[in-house]
Amino acid sequence: MNGEELTEQETALYDRQIRVWGADAQRRLSKSHILVYGMKGTVAEFCKNIVLAGVGSVTLVDDRAVTEEALSANFLILPDENLYHGKTLAEVCCDSLKEFNPMVHVSVEKGDISTFGVEFFEKFDVVVISCCSLAKKKLINQKCRKLPKRIAFYTVDCRGSCGEIFVDLQDYKYSKKKLEETVECQLEYPSFEDAIAVPWKVLPKRVSKLYFAMRVIEQFEDIEGRNAGQTSIADLPIVLKLRKELCETNSVSESQIPDAVLERLLTDTSEYPPVCAIIGGILGQEVIKAISGKGDPLKNFFFFDAMDGKGLIEDISKP
Amino acid sequence: MASEEQLSAIKRAKVLMVGAGGIGCELLKTLALSGFQDIHIIDMDTIEVSNLNRQFLFRQYHVGQSKAKVARDAVLRFKPNISITPYHANVKESRFNVDFFKEFDVVLNGLDNLDARRHVNRLCLAADVPLVESGTTGFLGQVTVHLKGKTECYECQPKPAPKTYPVCTITSTPSKFVHCIVWAKDLLFAKLFGDKNQENDLNVRSSDTANPSEHSEDVFECRKDEDIEQYGRRVYDHVFGHNIEVALSNEETWKNRNKPRPIYSKDILHVKMTKENGDTEKDCATGDVSAMSSLSLKNPQDVWSLAENSRVFLEALRLFFSKRGKEIGNLTFDKDNQLAVEFVTAAANIRASSFGIPLHSLFEAKGIAGNIVHAVATTNAIIAGLIVIEAIKVLKKDNNSYRMTYCLEHPSRKLLLMPVEPYEPNKSCYVCSETPLSLEVNTRHSKLRDFVEKIVKGKLGMNFPVIMQGASILYEVGEDLEDDMVAIYAANLEKALSELPSPVTSGTVLTVEDLQQEFSCSVNIKHREEFDEEKEPDGMVLSGWVEAPADKDNNKPNGNGESTSNALPSEEIQEDEKDVEIQETSEGTENVTGKKRKLSEVDESRNQKKPEKLDVDDEDDELVISDDWESLTKKKRV
């Protein structure tokens, strides 16, 4: 794993995926370090995927205790109180993840991620955060962007039948084969803060309603000082008012953000396992692409809604 | 997200999963987390190392154990109070009959071969149980829903036939590496290590008409006083040297083709082969006997030189005879047999070299020879999530909401996951719409056996057929048949169709049934005198059964395997010369045309949308319709 060639063990284990992305990409994966924050069902899926893929290391951060709710959608947590008593979510998940691939180094970092300094993030190639407030997302994104080293930054959130992924690869150069030629590509990604600041008016009309709805809920949680996902149907009146204000400020019609979508996002805050699998899979693929430098990465939001079954990409950046 | 009604439908449901592999592991996990409490799972395979990169319920120490059983145990660890019943068995077994299938509310397939899928499709139709089909290859995947009478069945859209190559391409005029692999695997390897009694085209083409005293048989038999190295070189020189010279003598063949060059071992390997000092003959990782290890060739991704390939060829042959002599005469190529893979790679490469075709690494050769499907965990996870979503719709009998969903590698109109409404059944599908078929055959020459093997079992996918003409049974299989009937049927097999006790001639209608699949169809017989040997080698042409064309140029190392994906519509390429069924390929690409009517157009009453909680902005609600598929595939080809 440390030499240039893949070991025999790696070649045997990774045979089927090497046939997808090549030995070179596999080598790069084995040298990569991923930081993951917020160990809910979707992130559990994501971690499973990248551990199986054979990344170098995965560092988990989540000091919350194991709860009933966590047990229901997170297959990394075995419902044996003896096993999880006194342990944090990250610790329990860490134990399970190690089993999937002994060649991957899985560990836990304790503490409040908002207080970790920029030097801490420098150790990583990829940072994935979930269950974060608006403020935390911006903060961590900024820390990643401060470093000379380019760190790939992702946020992921699943609420009921919906899921959202945000991608920030900063200035990303990669090459790909088109017919017989190798084509050099370059993409410029906005930070999370800059992306959501893009005025709604300039966005194409057919941008997913989910994008706007998530922003409304995000604002609401921020204003009310709520934790991510800490909402209920009782919040609907205030949320609708907030929608009105935001739409007015942005000069767009309120019909862009139907009541029904907001209702769903407010009430179905717990994770729905099929959606976790789907979002965790898409996110896994994206991170593998970014590390290996192979394949067009998605830019910059991905949405899935089980209601209509569409999984779509939205490019939310300054035109 | 779940309403009370949904939750209780899930809790009560009895689900059958067929397949506990890549999709199966992800699916079982997601079903368990989603609240399903009674799951049955059938899988005949045992766990292999190459599974572990994605079949995450399995560990290294499980290698060799039953997938269905280990998957069950693994899921019970995090969901202890549900019922999972594993069957380490082949889904085609007679116990999995229509009554068995009837017990389930929905059947979920996670299979990797066309044969089993067709079988399950028929049983689900017979049992009238909804089927959710799926498949993945690399980054592509899809999920489809099949309800009898309401949507297409799995076989309404024909799936591509296994890829075949004309005999002469393989034996005389290869132009692609895959041709060399097929030669090395199905001809040379089979000739040297397989059943000596099997007909082998290597005989036919290698006979030396100029020297009739030397029978081609002798060439491949090791002589009594010959040591293995001499034997090896003799075989080498015969197939790569002598046979090529014989082929070259036929000027006609090479008029418009590049001529191959004969290769002789003495020119490539200057010294007598001796074992390298101090090297182990065993592959460290697996402990298998290996020529690569013996020759210190470490990296399976390296493309060996002609000399290296020649060394591997001779060393592999030597190792087979010296270490695995007992197996010779019984071996068939197995991609997990390291020595076999090395031999086939080397042989194919030497032949390729002779014909000016680029050489390939062992890794690539193994993929082609072994029909390996490339696979990653993420696609399987996504597909599993989509399967569960469809399964829940099925349980809720949410007819208007069923979708076929395609997981794309490159977005199409912003979509990576693309839902499409299912189509209504194909009225000329011989499986679900009972359309009769026609068979052109020479009833005086072709035997009943040919009909049974090539048509009934081969094309129609029946396992235990009953063939009748009117009320007379011409042939059947069964355990409780009386001896005299068995004798009659055995005799019938060897008779020409027109000579059968109930003669089969032009105009005869045969009824063909598989009682286990509860599937029956009619075949109208039409007599025809002549058949083209190259184009119609079976001497029988079945029609009314639309066979999708196989992809002629599909020789990419990764694309050749029997893929599980029906991801995209196939392209139009025709395979003219059908021949020996040598390889299987990616199996299912839907021939989606714009002509079919979608469900919502068919039934007026179904068209009334139920008042939905969601505000549906029609403008925005673009479900991709079939007309776009043509342009989609064109984009994909770039």
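Including glycine, each Cβ sits where the backbone N, Cα and C put it.
Checking the ranges B:200-219, B:260-279 against TrEMBL, the region 'Disordered' annotation falls on B:200-219. Long-range contacts of the domain 'Ubiquitin-activating enzyme SCCH' (B:323-366) within its own chain (CB-CB distance under 8 A, at least 6 residues past either end) are made by residues 48, 174-177, 179-181, 183-186, 188-190, 192-196, 236, 239-240, 244, 258, 260-263, 281, 283, 286, 288-292, 300-304, 306, 309-310, 312-313, 316-317, 372, 557. The DSSP breakdown of the domain 'Ubiquitin-activating enzyme SCCH' (B:323-366), given as helix, strand and coil counts, is 26 helix, 0 strand, 18 coil.
Applying DSSP to the domain 'Ubiquitin/SUMO-activating enzyme ubiquitin-like' (B:439-531) sorts its residues as follows: 26 helix, 30 strand, 37 coil.
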